[in-house]
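> This is the structure, below, for whatever I ask next.
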């Protein structure tokens with residue numbers, strides 16, 4: 001039972017509202033730089049749009065989802081009202097204020113620096129301050145998740161922490177620590193220049209600090225989806241979770257391996273030595289382990305559901321699955337996109353293969369497929385599952401829901417596969433327009449048009465999604481059955497200390513951050529030669 | 001069918017754990033194999049991303065040192081290899097058109113005069129960030145003659161979309177003839 | 001120590017020993033490969049020997065050029081101005097506009113009494129101070145040639161140039177009519193010829209340090225300068241920034257760009 005329904009709904013609705021706006025920007029960007037549109041007469045409009053799209057989709061949208069879902073999980077899995085409700089609202093307000101402070105100067109053209117900041121380009125300070133406020137607001141959530149878990153543990157000594165809360169707090173701690181990198185960059189490098197206290201900045205150091213955030217943030221985006229894999233989908237399709245222990249180990253491994261790998265974004269950078277690049281490459285390989293474990297555990301859980309429904313044979317059980325169930329459909333689509341995206345990711349993480357696709361449209365394709373595809377489709381699924389419990393009204397548009405999920409899946413494939421392809425051809429990302437008539441680039445035109453079409457499908461799907469959620473608020477009232485999470489085949493009666501809390505894993509996460517990041521950061525801090533003049537952007 | 005799970009709870013738990021362990025071992029082996037491939041290519045072809053750290057002041061590149069304008073482009077070294085020096089700046093590479101010989105060891109020295117740029121050469125695996133304050137040094141060899149595009153691949157400001165350079169790979173002989181008349185070669189107009 | 005209560009961080013906790021032990025092994029192994037084994041395949045002198053390899057792989061800054069032919073010096077003088085955001089700041093910054101006004105008396109013949117020229121010379125009113133300063137310095141150093149400007153600047157010191165720049169930057173710009181829509185060459189440039197939109201350095205979209213404000217400059221002046229950049233007779237643009245663009249422009253494009261910025265004056 002959720003007692004703070006308004007808090008959860010407020011987070012979800014704001015998240016989906018900004019998502020709806022940002023996806024329009026995304027599709028506009030794809031359209032205007034495609035051969036379907038002439039060259040934009042003010043290319044800066046494109047870069048403003050990229051900045052806004054990235055800031056909303058990368059920072060605001062997933063953070064709000066994780067927060068709203070986290071508050072719901074706390075109450076549903078622990079069976080206690082949220083401690084710190086007022087603080088939660090304060091965090092929410094900070095995110096709104098921060099988002100507005102960030103997006104207004106971007107719209108005015110004062111901060112076309114993209115959501116990855118890119119010093120020594122420096123824009124108007126309000127953008128950076130806005131982003132800092134969003135992060136601070138989310139840190140309130142991080143603290144609340146930890147506090148609620150501790151309070152519950154004190155009241156229930158010796159009892160196993162419910163898996164959803166274990167995973168949720170893992171996500172919170174992961175975000176709390178991974179956001180530190182970008183926060184250091186913003187507070188100690190960028191803001192002093194943006195506010196006029198300094199004229200120089202070490203761009204190489206800034207990139208290393210940002211990489212601390214940039215990869216682990218992806219796993220933070222991913223966590224709600226994985227929580228849904230483990231704790232919602234098996235229940236929703238009438239199955240059981242194959243292994244509670246494996247689930248905990250997967251989340252623990254995410255905590256450990258998400259952090260010490262960010263330098264794989266900097267393989268092509270001149271300021272990091274080859275030794276650290278290789279170490280990060282190896283650890284990036286390791287971060288696939290929890291995903292591969294998940295694929296097995298969830299695959300087995302789904303098979304259990306099928307066999308419980310009478311499925312037979314080595315593959316015949318697939319037919320017995322409830323394919324008309326949105327959760328089943330979302331999971332299947334998510335896994336397919338995760339599979340393709342993950343395969344592409346293995347190329348990105350490779351110390352040598354990366355050079356064929358670094359910073360090309362391949363990368364854009366990769367993270368849209370993984371995040372926009374595999375992860376966001378599970379955000380939809382989470383919303384569909386929770387909504388009746390939040391509104392107390394029946395979710396009856398099952399046909400529309402299936403249509404929406406299909407559109408998202410097909411749209412994402414059509415959008416991202418051509419992107420991967422043109423990336424291999426060497427098409428750089430983030431350009432306001434391309435000359436498709438040149439001999440070296442004309443082969444890219446048709447692929448880019450296909451991507452744009454796929455993007456249109458995504459917009460239709462997003463609109464449909466918002467309509468479905470909105471219609472639910474005026475559907476007939478029902479008393480939904482009490483919300484439950486998936487049950488494991490073998491529910492844990494007692495757990496080893498390491499799997500009943502996150503202390504060990506947080507400790508290892510911090511330790512590995514030190515081993516893999518401390519030297520590059522300290523060394524670059526000690527290079528006064530590498531401080532370069534700021535280049536201020538924005539019209540004067 | 002649900003009762004099958006509770007019947008021999010202890011046995012099925014042990015069984016599922018065994019299967020999981022086997023799966024985990026298999027997955028870790030695959031990862032191990034991938035890492036082994038990386039190590040092999042790193043040793044066998046000496047492949048390494050651009051990682052030779054060196055600093056430089058971007059605001060004084062034009063005053064002295066190896067990145068003065070007259071020293072940019074391709075230089076033939078005593079050992080027959082070629083050093084190519086390039087500056088990235090808003091919104092062009094200088095030189096705009098690189099000319100290099102095929103089948104010759106080539107060493108790139110690239111840096112930025114202002115913001116972060118990047119460079120890739122289409123149809124090759126040459127790909128490097130170009131950052132102010134640092135010099136990117138990397139080695140390569142072009143297998144055959146041909147023309148390539150060299151876009152800036154990192155957002156560098158409102159004119160980023162126009163930052164495209166060209167690379168002409170020419171036969172070794174043709175290159176040697178060109179190198180007779182000038183000490184630094186480019187194919188700029 | 002209480003032996004009954006299990007402790008998380010303890011050698012008796014197999015979870016701790018296994019995870020910390022495995023991670024330590026993984027780190028040591030990958031560090032050894034990354035810092036010792038892989039560098040051994042590189043032929044650079046700075047990767048030879050254990051200590052060298054480790055320092056290089058760790059990213060300690062070093063001089064990687066090694067054996068190389070000496071730099072080729074420029075044939076003609078190039079700009080010696082160092083453009084940084086704080087280049088015109090300093091102890092003497094205050095009060096220089098007044099001095100600049102006095103010094104500017106010698107400039108009025110060509111550049112107008114209030115920095116707005118009637119002849120084919122640039123309007124200086126409201127021009128960015130760093131841009132004026134850079135050109136003045138380049139005339140002095142010989143990086144930019146002019147039979148008129150070079151003698152005019154003889155005898156002026158660095159502070160004089162700063163004061164002049166500050167004075168002209170402070171004058172109000174000639175009131176501009178609504179600019180008509182920019183032609184393609186100004187608004188979009190031509191990517192494959194590496195012609196960036198003029199506006200991405202000189203205009204409302206973005207302003208690059210050292211790049212001048214071009215609106216309402218005399219048409220003939222703009223045209224002649226673009227042609228001089230294209231032909232290479234003007235070469236005080238740092239690292240060929242402007243020559244790269246101008247030499248790829250067609251005569252028609254040069255005309256179109258010049259006409260746009262003059263607004264057909």
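Cβ atoms are placed via backbone N, Cα and C, with glycine included.
Because TrEMBL annotations are produced automatically, they should be read as predictions rather than curated entries.
According to TrEMBL, the domain 'Cytochrome oxidase subunit I profile' annotation covers A:1-470. Taken from TrEMBL, the feature transmembrane segment applies to A:12-32, A:52-74, A:86-110, A:125-149, A:170-197, A:209-233, A:245-267, A:279-306, A:327-347, A:367-384, A:445-470, A:497-519 (among others).
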> Under 8 Å for C-beta pairs, could you tell me which stretch among A:12-32, A:125-149, A:170-197, A:209-233, A:245-267 has the largest tally with the transmembrane segment (A:445-470)?
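The stretch with the most contacts is A:12-32.
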> Tell me if the transmembrane segment (A:245-267) touches the transmembrane segment (A:170-197). I count contact as 3 or more CB pairs below 8 A, with pairs 6 or more residues apart.
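Counting Cβ pairs under 8 Å, at least 3, so yes.
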> Which listed stretch (A:52-74, A:209-233, A:279-306, A:367-384, A:497-519) has the most C-beta pairs under 8 A with the transmembrane segment (A:12-32)?
A:52-74
> May I ask for the residues of the chain that lie six or more residues beyond the transmembrane segment (A:327-347) and have a Cβ under 8 Å from a Cβ within it?
225, 229, 232-233, 236-237, 285, 288, 291, 295, 298, 302, 321, 353-354, 356-357, 362, 365-366, 369-370, 373-375, 377-378, 380-381, 384-385, 402, 405-406, 408-409, 412-413, 420
> Calculate the per-residue pLDDT averaged over the domain 'Cytochrome oxidase subunit I profile' (A:1-470) and state the result as an integer.
95
> Under 8 Å for C-beta pairs, could you tell me which stretch among A:86-110, A:209-233, A:367-384 has the largest tally with the transmembrane segment (A:279-306)?
A:209-233
